[in-house]
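Annotated features, as they stand in TrEMBL:
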DOMAIN    611-703  domain 'DYW'
REPEAT    96-126  repeat 'PPR'
REPEAT    165-195  repeat 'PPR'
REPEAT    196-230  repeat 'PPR'
REPEAT    294-328  repeat 'PPR'
REPEAT    397-427  repeat 'PPR'
Amino acid sequence: MYLRRRIPVVRAFHHCHFIPEAPPDPRALAAAIRISASLRSLKPLHAAALRHHPSDLLLSSALASRYSLLGSRRGALHLLSDAAADADAHLLTSRDAFLWNALIRGLADAGANDRVVALYRRMRELARPDKFTFPPLLKACALLGDLEEGVKVHGDAAYLGLDSDIFVRNSLIAMYGKGGHLDTARQLFDEMPERNVVTWTTMIGALVQNGHSKEALTLFHRMLEERVRPNRATFLTVIPCVSSFDDATALHKSIIRHRLESEVSVQNAIIGMYARCGEIERARKMFDEIYNKDLASWSSMIEAYARKDMLEEALKLFGNMGLLGIVPDRVTLLGVLRACSNSTLASLRHVHLIHGYVIRSSLVENVMVETAVIDSYVKRGSISTASRIFDRMQERNLVTWSTMISGYGMHGKGKEALELFNHMKGLLKPDHISFVSVLSACSHAGLVYEGWQCFNSITTEFGLVPHTEHYACMVDLLGRAGKLEEARGFIERMPIKPDCSVWGSLLGACRIHPDAQIAEWAANSLFELDPENSGRYVLLSNIYTSLGKIEEAHRIRIAMRKRGMKKTSGYSVVELKNKLYKFLVGDRSNPQSDLIYRELEKLIDRIKAAGYVPNTNFSLHDVEEETKEKSLYAHSEKLAIVFGLINSRPGSTIRIHKNLRICGDCHTATKYISEVTKREIVMRDSHRFHHFREGVCSCGDYW
């Protein structure tokens, strides 16, 4: 009889927003609340609850959960705070676990995790927790990162004999996995006599979170072998593990077999999967086939283009959204800004355009978006604009501070980076990324003493454990300063095994301060760890050449040819009148080539008169000295600079992007060019920015 009367009430609430005159049954009202599809349909139900059942804690909890799921956590917390205050006297004496659980779940859904833990402590004094108490509580502990409290809760569950309940056990696996205790999570998983799809998905997720993608994929296949049917959440969890085309196609087929290929969230994830595997055309085909694209669909495809450095395609897709009247959200804008930051073909104008859109949108004060804008300006060479945006921000997080610190370091402003880091320390506890940013800045600026202070403070002041990235920064710092033996000893004393970043830093230092013995030591270690990286061979060959060891350099080149390796071709891109022009070494494809080479000869004569002496160590070998000099003049950097000088107004800044590290001779020549032409030249290479002005570079010849 109850069911017959209940259904029309739910439908009335859900479809017509009709509020009946008679007080609605609280259970029917709660059911309508739980299936409400939008904030618009939820609000009349909220009004009915306030009018007819203002002190009903269960209804308040249901409303809070739904507000949170529909994206209004602030409203959920406000509602729950009022409900808890009204019900506080009752809760203080209640032994009804059902009421406590309702409020705990509502607070958990609303993201008030610290209040969940506090409420549980009060509950333990009065009521006996049941199996419904622990899942939201353990989730709160995991999100707080409070593993110590989580272990205590685990103890309570075990004492009450509830730790073997499948839902509680799943929550325990999730908590230990998120807390980095993978062994404990795996033990709990292996001990379970019965597992459901949530169990398998949770354990796969724990592996993914801790960087064990291969093991996660293996466990997924074991799950299929044991005839457990994966659901949407399972596939969304396992898709990020896939990085090879064969695995991607196999997983895609499995998704089709389980009839989940029409789920938009799964389709969006497949787009990202194919993009990671380098299959950008397949990713676009999947995007085009999605019938009801949501914002995540557009964001996924834009992110896919950003990963492949396909800026024009990303911007075109972003423009199509506007033409269709689709309003981008935070994730979409972050994808476009990432494309502007990472692309070799992005210009400062692109960043200005996207920044203008951010200002016009409602996301201008979103800390993540503003941080991405700062990063884009940093990567496009406008450190002053990035600094102004940073100074105006009302809210900053650790990523914001680290981005600005790193930006100062990239632009040769090591002291400013250090000052900002010291300021940040008084407000926030630095994390591992913050230390990488400041150590890198110290390295680029030659601040050896300050770098040692920062490195030592990782452990002594902040109780963190240095990662390989921090050791690599210190090797780079010592090496750039010419302290190669000190860098060697530092590596030998490392408590962890050096990786490619550490050895690469040492080999790079030998480029600046040639030392054949240390270079060979570093290179041999790199060849073992990363034998297919041609850049290591080229660098060692160049070091031999600079030391006059031509035979050894020739031997390295022969070894590269035998392995089928090719040196990455260098190129320079100059930004001019909102367009980008690309030059290779000896390039004659530009319509103005004849003019460029004539002006280049005149410019070389001018800078020679000012004191420039060509450094033929950066030229061809086994040829006459005059030929070596002429080959230097055709480097892509010089061609791009001359093209910029010819086609821009006097006094304007010339902006260039080099895909490799700037050549030493070109660095010297550009200083003289900035002096004789009275122009500022901003050049970004693969490692940092160089601001050339009046014969001086911002890097202090320390790069």
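From the backbone N, Cα and C atoms, a Cβ is placed for every residue, glycine too.
Curation plays no part in TrEMBL annotations; they are all automatic predictions.
Source: prediction; values computed, not measured.
Same-chain residues lying 6+ beyond the ends of the repeat 'PPR' (165-195) with a Cβ under 8 Å from its Cβ atoms: 131, 134-135, 138-139, 141-143, 145, 147, 150, 154, 157, 202-203, 205-207, 209-210, 212, 228. In the predicted model, the repeat 'PPR' (96-126) has a mean pLDDT of 80.
Taking DSSP states H, G and I as helix and E and B as strand, the repeat 'PPR' (96-126) has 27 helix, 0 strand, 4 coil.
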